[in-house]
Each structure stands twice: as C-alpha cells, then as structure tokens.
Amino acid sequence: MGNCFGFSAKVGNRESPYRGSSRISAKRSQSSRLSSLTIQSSSYNDDTSVASLQTPRSEGELLASPTLKAFTFNELKTATRNFRPDSVIGEGGFGYVYKGWIDERTLSPSKPGSGMVVAVKKLKEEGFQGHRQWLAEVDCLGRLHHMNLVKLIGYCSKGDHIRLLVYEYMPKGSLENHLFRRGAEPIPWRTRIKVAIGAARGLAFLHEAQVIYRDFKASNILLDSEFNAKLSDFGLAKVGPTGDRTHVSTQVMGTQGYAAPEYVATGRITAKSDVYSFGVVLLELLSGRLTVDKTKVGVERNLVDWAIPYLGDKRKVFRIMDTKLGGQYPHKGACLTANTALQCLNQEPKLRPKMSDVLSTLEELEMTLKSGSISNSVMKLTSSSSSFTAKQRVRTPVADPVLSSRRCRRVR
C-alpha cells in the first residue's frame, strides 16, 4: 500500500506547517503494559463528503483539479511580499511558512491587510519532503474535505525543485506552541476538551475514509481564532488496509514519543496506531508535559511511562494534571479523560477503541461541562479503571531521534 498519492513515503524528518518535532526511524520494543477498559460506543456521523482515495493521481491531473488553485510562483511571491523574512510564521526541516494575502473571491494576490490571509509553505530544495510526498499531501487534501482538516487552497510547482502549498491561515498556530512555548497563556480546561474533540473528529473522519494519518501529534494540530482544531501535514498518510488485509506494512516513520509501539517494533500500522498517538496527545492536554522531556531523568523522561500508574486511579489522577490549570477542572471529567487516554494507550492494538467511540465519549464529556453533571453511562468508565504496579509496567525504550534545527516565529 502507498500513501494517499499511491507510493511509499520515505521521509526522515518533516514538520507541521508551523512547527514540528523530532522523528524516529529506528525500531523499538513494545511499550508499557496497559489494561483493557470499555469505552462507550456510538456510531460516527458526519455530513462531510468522503472522497475515494483509491486511484493515484499525477501532477498533470492535479493541474486539472477543480477544488485546488494552481498558483504561479510570481503570484505567491507577490502575496508574501517577495517572501520577506518578517512574513515568516514557521520554519522546519521542510522549509518555511509565510503569511500571505489573496483576494477571497478571485484568489489573486492582494495587498497586506486586505483580502484573505493564507499560509504559504515553501519547501526547501534539499528539505525532507520530496516531490512525491509533496504530491501526496496535495492529493490527500485536494480530495478530503472536512471542517477539522486544514484546508488546502492551492499549490505551485515550478521546475524540478520549487514546490509550494497554500493553506488557510490558522491564527492561533499549533497546539504544541500553546502547551509548551515559554510564556504561553495557559489553556483552560474547557478549551482543552474542545481541542481534543476537534482533533478526534478529524481523525475519525480520516479513518472512515480508510486513511491512516500516521503522524498525529500536537504540532500537527492547528487552531483557528476560536480554538477549533484542524489536522495538518498529510505527507505520511497511508491508504488502507483494504480487502482481507488487517494492516499496512511500511517503513517506520513517525515522531518520537507519539508512534505506537507495535508500529515501531514491526512496521505494521493500522488505524489503531493513530488511536495510540491520540492517547499521547490527550496526556499532553491533561499534563502539559512533553512526550519526551530530556530535562528529566528516569521514568519521568517519558510521558507515557510516567503517567500510566495514575491514569486508572481516580484518587491519583491529580498527580498528572497540568499545574498551570490551577486546579480549575472537574475531577470527574479529568478522570474520564484520563481513562480515555488509558484505553487509547493499550499495548494491544485490538483493545484500543475506535476513534468514533473516543469522539462520542469526549462529546458527552463536553455536554456534561455545560449541564454540570456526569451521566451514568460516562460514570461507568471512571468506576471501571485499573491501576498498575511497577512490576506490571514495561518502560518504553526511547530511540535516538533524528534531530533538526527548529524555531517558530509568529506574525500578528
């Protein structure tokens, strides 16, 4: 199976349109042993269309796409004020992201401050995202449309080396920045749940379309002005499995701390691998801690290993909660979210819930925040929690990351 464009992605280190994290390409043994919990089930419904992703497309076909605009290089040069340094809103191994302006109706470049703001991703010629991966991302976002996927407006390809992508502008940047950037304003509990629901909705949509995201992480969750979450960066996405196949085999690519243990160990990936990554992000939202924190020692260095003993015990959940919340969160809601994360992090992929079920649970949790009470069906989760002893846990081996120089700047 290939990625959304139809061939294997071999990427060493690629990052989100605004910021990224270190990737891993080494195999590791399996992670912490987790218990099996039951998550409430309901059907996932969305009125957004799911396009077929079975037929690979060439660049020539992309040029004829009715949903994407083929920008000229000069148009994007004008929109970004000649790619001026003070227009840079993000940088990574892939290249740079610039803030630009285009006319909302004609999509022609416009003066700064007029028209529609866009994010223009300009790939480095020697960057980590090759031409095929660029085509894969264009193809995926050109076919898949959902309120929780970042909108791809158009693209530009000039010669053999100049490649650009034009996205809708996400003024709040990435979730990673809000959680971990020094001096960032703390995210309130309600907003964290809102972000988790938006990301879960986008991931559930992809899984319904038989797409495995393969790179779910905080830096790939972008936020609009109202903190609505949208998934970005689809260069590693894979289609499948199809027919009687239960998984897709691929070269191990992902981000340290987020990749599911069975994927790192075997190269076999399923939608449940994305579910594991979602569990890691839930932990980040709960704790405000990095997945891998090199400033810490021992078990505290790895977020999953450190948090597991507390997730299933409602008397200990407070120990993992982000101190920046100042205790301003509902205890029962925190327990439910922790249990949901625990289920997603189950060592056995088959015992992890579907993203549609995770979404249903989080949506009901959001309703309880508005009504002020936890329903009986949701309470069953918190009462069925299981704790772990040190002997039951198996520490997650940490592979050496593929490091890159990263920085992120934002333009107001």
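Heads up, the Cβ atoms here are built off N, Cα and C, so glycines get one too.
Per Swiss-Prot, N-myristoyl glycine is recorded for Gly2, and the stated evidence type is similarity to another entry. Here Swiss-Prot flags Cys4 as S-palmitoyl cysteine. Summarising the annotation, Swiss-Prot assigns region 'Disordered' to 14-40. According to Swiss-Prot, the feature compositional bias 'Low complexity' maps to 21-40. What Swiss-Prot lists as phosphothreonine is Thr72, Thr250, Thr255. Swiss-Prot lists 83-369 with the feature domain 'Protein kinase'. Among the features that Swiss-Prot reports, ATP binding site is placed at Ile89, Gly90, Glu91, Gly92, Gly93, Phe94, Gly95, Tyr96, Val97, Lys121, with the record citing sequence analysis. What Swiss-Prot records for Tyr167, Tyr263 is phosphotyrosine. The phosphoserine feature in Swiss-Prot is assigned to Ser219, Ser249; the stated evidence is similarity to another entry.
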> What is the separation, in Å, between the Cα atoms of Ser219 (phosphoserine) and Thr255 (phosphothreonine)?
Replying inline: 10
> Cα within 10 Å of Ile89 (ATP binding site): which of the modified residues Thr72, Tyr167, Thr255, Tyr263 qualify?
Replying inline: none
> Which of the modified residues Thr72, Tyr167, Thr255, Tyr263 has its Cα closest in space to the Cα of Gly95 (ATP binding site)?
Replying inline: Tyr167
> Within 10 Å of the Cβ of Ile89 (ATP binding site), how many other Cβ atoms can be counted across all chains shown?
Replying inline: 23
>> Spatially, and counting Cα to Cα, which of the recorded positions is closest to Tyr263 (phosphotyrosine)? Options: Thr72, Val97, Tyr167, Thr255.
In response: Thr255
> Which of the modified residues Thr72, Tyr167, Thr255 has its Cα closest in space to the Cα of Val97 (ATP binding site)?
Replying inline: Tyr167
> Thr72 (phosphothreonine): which of the recorded positions Glu91, Tyr167, Thr255 is the nearest Cα neighbour?
Replying inline: Tyr167
> If H, G and I count as helix, E and B as strand, and all else as coil, what does DSSP give for Tyr263 (phosphotyrosine)?
Replying inline: helix
> Counting all other Cβ atoms within 10 Å across every protein chain shown, which of the modified residues Thr72, Ser219 scores highest?
Replying inline: Ser219
> If you count Cβ atoms within 10 Å of the Cβ of Tyr167 (phosphotyrosine), leaving out that atom itself, what do you get?
Replying inline: 22
>> Taking 10 A as the limit, how many CB atoms besides its own sit near the CB of Tyr263 (phosphotyrosine)?
In response: 27
> So what pLDDT does the domain 'Protein kinase' (83-369) average out to?
Replying inline: 90
> To the nearest whole angstrom, what is the C-alpha distance linking Tyr167 (phosphotyrosine) and Glu91 (ATP binding site)?
Replying inline: 15
>> Let's check the environment of Thr255 (phosphothreonine): how many other CB atoms sit within 10 Å of its CB?
In response: 28
